[in-house]
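Novice: The ATP binding site feature in Swiss-Prot is assigned to 10, 11, 12, 13, 14, 15, 127, 166; the stated evidence is experimental evidence. The annotation AMP binding site is assigned in Swiss-Prot to 31, 36, 57, 58, 59, 85, 86, 87, 88, 92, 129, 140 on the grounds of experimental evidence. Swiss-Prot lists 30-59 with the feature region 'NMP', giving experimental evidence as the kind of evidence. Feature annotation from Swiss-Prot assigns region 'LID' to 126-132; the stated evidence is experimental evidence.
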C-alpha cells in the first residue's frame with residue numbers, strides 16, 4: 001500500500017506515519033529524515049541539501065524529488081510506503097506520479113489529517129520548541145494553506161479525511177478505518 005499523509009504542522013502526521021508503517025509492515029519515508037541521513041552520510045545529494053538548509057533556505061523541489069526517487073529504489077519500498085512531508089506542492093505531486101509511473105504503480109490512498117487552527121496552536125505551543133511562537137506557528141499554517149492545501153484538490157479522488165482530534169490511538173483507529181484496515 002502506497003499512502004500519502006497530508007495535514008498542517010501539528011496535526012500528528014509524523015506520529016501516525018510511524019504507527020501506520022509499523023502496522024502495515026511498510027517503511028515510513030519522511031523527507032526530513034531523508035535530508036538528515038544523506039547529510040550525515042555525506043552523499044552528493046546530502047551535501048547539496050545541506051548548503052540550502054545551512055543558509056536557512058528551502059531545499060529546491062528538484063533536489064527533494066531526487067532524494068525521494070532515490071529512496072523509492074530501496075527494496076523495502078517495493079511493496080508500499082507511508083510518505084510523510086512529501087509532496088508539499090502540486091509540482092512535487094506530479095513528479096511523484098512520474099516516479100511511480102516509471103515503476104508501474106501509483107498512490108493507493110491520501111489521508112488528510114484535519115484539525116482546527118485553535119487545536120493546532122495549543123498543540124504546537126505545548127511542544128515547547130523555541131521557534132514555536134504564535135507568529136511563527138500562524139505563518140507555518142498560512143504557508144501550509146497556500147502551498148500544500150492545493151494538493152487536496154489534486155488528490156481529491158484518492159483523498160480520505162481523518163479527524164485528527166483525540167488521543168493518539170483514537171486518531172490511529174480512524175486512519176486505519178480510512179484505509180479500510
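Just so you know, glycine gets a Cβ as well, placed from its N, Cα and C.
Because the structure is a prediction, the values reported are computed rather than measured.
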Novice: For residue 10 (ATP binding site), just count the other CB atoms lying within 10 A of its CB, please.
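Specialist: Within a 10 Å radius of the Cβ of residue 10 (ATP binding site) lie 24 other Cβ atoms.
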Novice: Round to the nearest Å and give the CA-to-CA distance linking residue 88 (AMP binding site) with residue 12 (ATP binding site).
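Specialist: Computed Cα spacing between residue 88 (AMP binding site) and residue 12 (ATP binding site) is 16 Å.
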Novice: What is the maximum Cα to Cα distance, in Å and rounded to a whole number, among the residues 10, 11, 12, 13, 14, 15, 127, 166 annotated as binding ATP?
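Specialist: Across 10, 11, 12, 13, 14, 15, 127, 166, the two farthest Cα atoms sit 16 Å apart.
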Novice: Most Cβ neighbours within 10 Å: which of the binding-site residues 12, 14, 166 is it?
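Specialist: Of the binding-site residues 12, 14, 166, the most buried by Cβ count within 10 Å is 12.
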Novice: Can you tell which of the binding-site residues 31, 57, 59 lies nearest to residue 166 (ATP binding site) in space, using Cα positions?
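Specialist: Going through 31, 57, 59 one by one, the closest to residue 166 (ATP binding site) is 31.
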Novice: Other Cβ atoms within 10 Å is the metric here; tell me which of the binding-site residues 11, 59 scores highest.
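Specialist: Per the Cβ count, the most surrounded site is 11.
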Novice: Taking Cα atoms as reference points, which of the binding-site residues 11, 14, 15, 127 is nearest to residue 31 (AMP binding site)?
Specialist: 14
Novice: Need the DSSP three-state call for residue 13 (ATP binding site) to compare against my parser.
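Specialist: It is helical.
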Novice: Relative to the Cα of residue 12 (ATP binding site), which of the binding-site residues 57, 59, 86 has the closest Cα?
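Specialist: Sorting the binding-site residues by distance from residue 12 (ATP binding site), the top entry is 86.
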Novice: Rank the binding-site residues 15, 31 by the number of other Cβ atoms within 10 Å of each Cβ, and give the residue at the low end.
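Specialist: Each of the binding-site residues 15, 31 was scored by Cβ atoms within 10 Å; lowest is 15.
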Novice: Cα of residue 11 (ATP binding site) to Cα of residue 57 (AMP binding site): how many Å, rounded?
Specialist: 24
Novice: Show which residues of the chain containing residue 13 (ATP binding site), separated from it by at least 6 in sequence, have their CB under 8 Å from its CB.
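Specialist: The answer is 5, 6, 7, 84, 85, 113.
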Novice: If you compare CA-to-CA distances from residue 10 (ATP binding site) to each of the binding-site residues 57, 59, 86, which comes out shortest?
Specialist: 86
Novice: Could you measure between residue 59 (AMP binding site) and residue 15 (ATP binding site) for me? Cα positions, answer in whole angstrom.
Specialist: 23
